[in-house]
Amino acid sequence: MDHFLYRDGVLHAEDVPLTEIARSVGTPAYVYSAATLLRHYSLFDEALAWGPHLVCYAVKAASNVAILKLLGDAGAGMDVVSEGEYRRARAAGVPGDRIVFSGVGKTETEMRHVLADGVRQINIESEPEMRLLSRVAASMGVEVPVTVRVNPDVDAKTHAKIATGRAEDKFGIPIAKARQVYAEIATLPGLRVVGIDVHIGSQLVDLDPFRQAYRKVADLTEALRADGHSIERLDLGGGLGIPYARSNLAPPVPMEYGEVIRDEVGHLGCEIEIEPGRLIAGNAGILMTQTIFVKEGEGRDFLIVDAAMNDLIRPAMYGAHHDIVPVREAAPGVEQQPYDIVGPVCESGDTFAKGRDMVPLSAGDLIAFRSAGAYGAVMSSEYNSRPLIPEVLVQGDQYAVIRPRPTFDEMISRDTIPEWLAPA
Ligand code: LLP
């Protein structure tokens, strides 16, 4: 469920007509609904209410500081994968003891920063990382709570680019090797084992791979406890999928996911951490764009819009589907026609949809890409020297620009010309 609904023939974000935002902010723009973000966070929180838990929002999904502030104030922890994300979470007022640091390639500088400023736990992904973290923590005179991310060799049955829990993926330590790695950690200064971490992939629409992975984590918990380690927390990752197409079968909901967690690991008495990103932010955001031209092609019409692959790369990168709807609702009974919906970037890959049935549209019409809140703005670039587009947060009848559209000068003046190229 989200809060983007038609009212009086116009798509609204909560109580604000998107036409009003288009007028004051321009297009293209990302628009988020605070109510949807909070609702999705609460669904996870309620799904784990049977025991101690912390829902650590995966900052990578949508990392605007206003979004982090909204979720952090509601009690969310944060899962971060870089110093930049960590600093964003801290800038949003989230205390270090609610921030989990994940990622395969943490640098020494990043380790030093989070250790100095406070961190709930670091999820170690490799033996070299374990040794470096031990040296860094010991040199700073601190003991850092750690988990090891294990790779359970489970096929998450999702897009290959976002599967992370198969043996061939670069993430984590093979689960078969985990006992050996925990044994080494126990000998290293600066590290204190608190639990186990696992994350098998993203946009999972079936609970079975979660179940398989969590069962392996439960077995490992018992084995590690028998070895004398203190396993008090389980970080079970993110990955629950969302409905991208209204017409599709709906994926499982957080409550069902929470039950799977309870079934598989509930008996262990551990505090549960999860790291959902997409399900919290995905359907809480849309990308609003405007038709520049309708161009008649050979056997097809192109809708050329002012958003492009640099603003939303998911269709080009993963062949992802986003529902695309007109901001002004069509009159009932208007016949649809197929369009190729494309952006202005000079690549054929800059195609959002091919042969998509839409009501007839004209230049100037506003349209919205749904489910664009996660992995939308955060993956954008300035390719073709298109300035990053603004982000807007709506809450009830209020809205605010939470990242302004840069001016062309701001974009260009970040570049500097070396003095040897300047005229004498
Ligand atoms: N935890 C870890 C360690 C992760 O690597 C990820 C996502 C998450 C949590 C959050 O997963 P979620 O709940 O959002 O599925 N750009 C891709 C998705 C990449 C996901 C990367 N890792 C896309 O647009 O589909």
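Each residue, glycine too, has its Cβ placed from N, Cα and C.
Per TrEMBL, the feature pyridoxal 5'-phosphate binding site maps to G239, E275, P276, G277, R278, Y375. What TrEMBL records for R278, R314, Y318, E347, Y375 is substrate binding site. Sequence annotations record features per position, and here TrEMBL assigns domain 'Orn/DAP/Arg decarboxylase 2 C-terminal' to 30-373. If you look up TrEMBL, you'll see 36-281 marked as domain 'Orn/DAP/Arg decarboxylase 2 N-terminal'. The N6-(pyridoxal phosphate)lysine annotation in TrEMBL covers K60.
Projection of TrEMBL feature records onto the structure.
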| residue | record | DSSP (3 states) |
| --- | --- | --- |
| K60 | N6-(pyridoxal phosphate)lysine | helix |
| G239 | pyridoxal 5'-phosphate binding site | coil |
| E275 | pyridoxal 5'-phosphate binding site | coil |
| R314 | substrate binding site | helix |
| E347 | substrate binding site | coil |
| Y375 | pyridoxal 5'-phosphate binding site | coil |
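Checking the binding-site residues G239, R314, E347 against ligand 1, the ones whose Cβ sits under 6 Å from it are G239, R314. When pLDDT is averaged over the domain 'Orn/DAP/Arg decarboxylase 2 N-terminal' (36-281), the result is 96. Among the binding-site residues G277, R278, R314, Y375, the ones whose Cα sits within 10 Å of the Cα of the residue listed as 'N6-(pyridoxal phosphate)lysine' are G277, R278, Y375. Counting only the Cα atoms, the space from R314 (substrate binding site) to Y375 (pyridoxal 5'-phosphate binding site) is about 8 angstrom.
The full span of the recorded pyridoxal 5'-phosphate binding residues, G239, E275, P276, G277, R278, Y375, taken as their largest Cα to Cα distance, is 15 Å.
Look at the Cβ of each of the binding-site residues Y318, Y375 and count the other Cβ atoms within 10 Å; the largest number goes with Y375. In this structure, R314 is the one among the recorded positions K60, R278, R314 with the smallest number of other Cβ atoms inside 10 Å of its Cβ. Counting Cβ atoms from all protein chains shown, G239 (pyridoxal 5'-phosphate binding site) has 29 others lying within 10 Å of its own Cβ. Around E275 (pyridoxal 5'-phosphate binding site), the same-chain residues six or more apart in sequence whose CB sits under 8 Å from its CB are C56, Y57, A58, D79, V100, S102, H199, D235, L236, G237, G238, listed in sequence order. Here the Cβ of G277 (pyridoxal 5'-phosphate binding site) has 24 other Cβ atoms within 10 Å, regardless of which shown protein chain they belong to. It is 31 Å from the Cα atom of G239 (pyridoxal 5'-phosphate binding site) to that of E347 (substrate binding site). Sequence-distant neighbours of P276 (pyridoxal 5'-phosphate binding site) (same chain, six or more apart, CB under 8 Å from its CB) are H40, F44, V55, Y57, A58, G238, G239, L240, P254, listed in sequence order. For Y318 (substrate binding site), the nearest neighbour among the binding-site residues G277, R278, Y375, judged by Cα separation, is Y375. Of the residues the record lists as binding substrate, namely R278, R314, Y318, E347, Y375, the two whose Cα atoms sit farthest apart are 27 Å from each other.
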